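Chemist: I'd like to ask some things about the structure below.
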Amino acid sequence: QPNVTSYGATTVAIITLEAFAGVWINAFLVCVLCIAWVKKKTLNSSEKILLLLGCSRFCSLCISWVYSFLSIIYPNYFYVQPTCKFLLSIQNFFNSSNLWVSACLYVFYCIKIANFRNSCFIYLKVKIDKIVPWLLLGSGLLSLAIGSSLYNIIDKAQRNNRNSTGRENFSKVSGKMDDVFFHYYFVYGFGFVSSFTAVITSALLLLFSLWRHKRKMQTNSMNNLSVEAHIRAMKSILSFFIIYSINFVFLTLTLISSTQKENPMMFLVYVFLYVFPGVHSLILIFSNPKLKNTLIRILSCVKCMVCMR
């Protein structure tokens with residue numbers, strides 16, 4: 001039987017709306033890139049990253065919605081043994097994939113746009129198109145390793161819980177569970193911290209390179225249009241960085257045990273986490289002229305059809 005409170009019903013309704021919007025935005029991103037892939041028989045490096053990012057976010061939103069719906073409306077389903085660990089491991093796999101592919105996108109933009117005279121950086125700039133498939137493969141394998149590790153950790157926690165008897169010392173059982181959850185948080189936190197480190201490093205290097213280039217253009221009295229273009233690029237990167245940083249902080253908050261309680265702060269955290277995949281993908285769509293023009297053309301056709309009715 002469902003176990004619904006007013007708080008739970010409100011949470012599910014808002015999460016459903018956000019997940020639905022994010023799913024459609026990322027579905028549009030994936031469909032446009034797949035159609036372009038079929039027509040051109042190839043994709044450039046940035047389009048490959050965006051395609052995989054859209055796929056991971058589409059799947060992540062779907063699985064996260066199912067998990068949230070069951071945990072709030074039908075919590076007893078999680079007592080069925082395969083359900084909890086299967087959903088959590090799949091959700092963690094797609095969340096990790098989302099984070100790592102996002103990090104690959106930032107690293108790609110940093111290497112492609114930034115201008116440093118370091119020999120290693122110049123080598124990466126020349127070889128970046130050949131490195132991107134390996135970066136994406138590494139992201140997938142690392143996400144799979146994290147998802148598999150978390151599956152084993154959750155399975156171990158459930159076995160310890162089943163094998164614990166009333167005669168066993170409570171502190172001993174509690175110690176086992178604390179050890180299991182420590183490994184869970186360590187593996188999950190590793191994915192957060194390492195991907196965020198890659199993003200913050202790439203963003204800071206790119207901002208420094210653009211700022212240095214802007215100053216050089218101002219010194220050489222370059223035209224205002226070039227300077228303004230660099231300023232807009234810096235603002236765009238800075239906004240991406242701020243949004244990603246807030247997302248990282250909120251993801252970290254979900255690891256705290258208090259997130260299981262019904263309180264407004266944690267409600268806002270989960271609202272933002274479901275908004276982020278759709279909003280960030282929408283920003284990426286408007287940052288890409290091809291995707292932006294396709295979206296505007298589709299919206300114009302929809303508007304015309306509505307007017308004709």
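Along the chain as shown, residues are numbered 1 onward.
Using N, Cα and C of the backbone, Cβ positions are placed for all residues, glycine too.
Under the heading transmembrane segment, TrEMBL lists 12-38, 50-73, 93-111, 131-154, 185-211, 232-255, 267-287.
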Chemist: For the transmembrane segment (93-111), could you work out the same-chain residues 6 or more beyond its ends whose Cβ comes under 8 Å from its Cβ atoms?
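Modeler: For the transmembrane segment (93-111), the list is 45-46, 49-50, 52-53, 56-57, 59-60, 63-64, 121, 124-125, 128, 132, 135-136, 139-140, 142-144, 146-147, 191-192, 195-196, 198-199, 202-203, 205-206, 237, 240, 244, 277, 280.
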Chemist: So what's near the transmembrane segment (267-287) in sequence-distant terms, Cβ-Cβ under 8 Å and 6+ beyond its ends?
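Modeler: 7, 11, 14-15, 18-19, 21-23, 25-26, 28-29, 50, 53-54, 57, 60-61, 64, 68, 98, 102, 236, 239-240, 243-244, 246-247, 250-251, 253-254, 259, 295.
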Chemist: When you scan the chain for residues with a C-beta under 8 Å from the transmembrane segment (12-38), skipping those not six or more beyond its ends, what do you find?
Modeler: 47, 50-51, 53-55, 57-58, 61-62, 64-65, 68-69, 72-73, 270-271, 274-275, 277-278, 281-282, 284-285, 290-291, 294-295, 298
Chemist: Is the transmembrane segment (50-73) packed against any residues at least 6 beyond its ends, judged by a Cβ distance under 8 Å, and which are they?
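Modeler: Cβ under 8 Å, 6 or more out: 2-4, 8, 11-12, 15-16, 19, 22-23, 26-27, 29-30, 33-34, 37, 43, 83, 87-88, 90-91, 94-95, 97-98, 101-102, 105, 136, 139, 270, 274, 277-278, 281, 284, 288.
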